[in-house]
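> Checked TrEMBL, it gives:
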- 129-255: domain 'Palmitoyltransferase DHHC' (DOMAIN)
- 43-68: transmembrane segment (TRANSMEM)
- 74-92: transmembrane segment (TRANSMEM)
- 172-195: transmembrane segment (TRANSMEM)
- 215-236: transmembrane segment (TRANSMEM)
Amino acid sequence: TMQSSGHRFRDVEHHPLLADNDTYDSSSSEADMAERVWFIRDGCGMVCAIMTWLLVVYADFVVTFVMLLPSKDFWYSLINGVLFNCLAVLALSSHLRTMLTDPGAVPKGNATKEYMDNLQLKPGEVIYKCPKCCSIKPERAHHCSICKRCIRKMDHHCPWVNNCVGEKNQRFFVLFTMYIALISAHALVLCGFQFFSCVRGQWTECSDFSPPVTVILMIFLCLEGFLFLTFTAVMFGTQIHSICNDETEIERLKSEKPTWERRLRWEGMKSVFGGQPSLLWINPFAGFRLRQLLLRGKKGGPEFSV
C-alpha cells in the first residue's frame, strides 16, 4: 500500500523503495524518454553553461594565437597545439554529454493505481510517493527542485553543466572535470614557458600582439587556469571517492545508512564507466547515437527534443 498522509512524505528519500530494475510501462516510459534529448530550461544553468564554453574558447584562443603560432619552434607549437585542442574538444564533448543526457529521471505521474497494481506488492509492503512530481520514488532517488524530477542516484545539481549529476550521466561529468583539469594544467605550463621566453627575449618577437596586450591576456589565462584547475581537480577527486564508496554526495551529507549492497572500489567504477577498464572509459563519444539528435517529440516537463 502507499502511505497517503502528507506528513509521511516530508523526508522519505532514505527509505528503500523500488528495485532499480523496476520500470514504468506507459507512453511516458523511460524507454521513450531515452529517445529524447534532455535539456533543462534553467536561466542560471544556461548562463553558466555558456560561460564554461566561452572560457574554454578564450583559453584556446590565447594558447593558439598568442603563444603557439608566433613561436619559432615548429614542433613545440604543433605538438602542444594538437594536444591542447584535443583536450579542449574532449572537455566540451563531455560537457555536452553531461548536459544533454537524462541523469536518471523517474517518469512523472507514475503514482497511479494501475501502476501500483502492476507492481504486485506484497501485503503490508510500503512504497513512497514524491508529492512534488507525483512519482513513485525508487531506492536512492532524490527530488531536484530545478529539474522538477526525482533523479536516480542523484549526486548533486551542477549549474555549470545545467543538469543534475545522476545515475546515467555521472561518467560524463567525471570526464568533464578531468579534461578541464588537464587543459587548465597544460595552459598554466605553457604560460610559464611563454613568460620565461618573453622575458629572456625582452618581449621582442614574443607575440603578434603588443607586450601589454600579451601580458593582460596571459594573466587572465593564468587566473582562469588556476581557478578551474583547483575546482575541477577537487571535484574529480570527490567524484572518484564517491564512486569507489558507492555513495552519492547527498547521501554523504545526510549521513544516510546504506540499505543497498554497496559496490566498492573497482566494482563501483565498473558500474559507472561500464565494463572492464579500457580506453572507452575516457571516451565521451562512447555510446553516442546521432539519431537521438534527429528525433523530434513533444515538449514535456523540463526536457524536450532538439
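Keep in mind that glycine also has a Cβ here, set from the backbone N, Cα and C atoms.
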> Mind tallying the domain 'Palmitoyltransferase DHHC' (129-255) by DSSP state, helix then strand then coil?
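Across the domain 'Palmitoyltransferase DHHC' (129-255), DSSP assigns the residues as follows: 73 helix, 19 strand, 35 coil.
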> So which of 43-68, 74-92, 172-195 is most in touch with the transmembrane segment (215-236), counting Cβ pairs under 8 Å?
172-195
> State the non-local partners of the transmembrane segment (172-195) in its own chain: residues 6+ outside its ends, Cβ under 8 Å from one of its Cβ atoms.
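Sequence-remote neighbours of the transmembrane segment (172-195) are 56, 59, 62-63, 66-68, 80, 83-84, 87-88, 90-91, 94-95, 97-98, 101, 158, 161, 165, 206, 218, 221-222, 224-226, 228-229, 232-233, 235-236, 239-240, 243, 272, 282, 284.
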> As a test of reading the model: what is the averaged pLDDT for the domain 'Palmitoyltransferase DHHC' (129-255)?
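Its mean pLDDT is 90.
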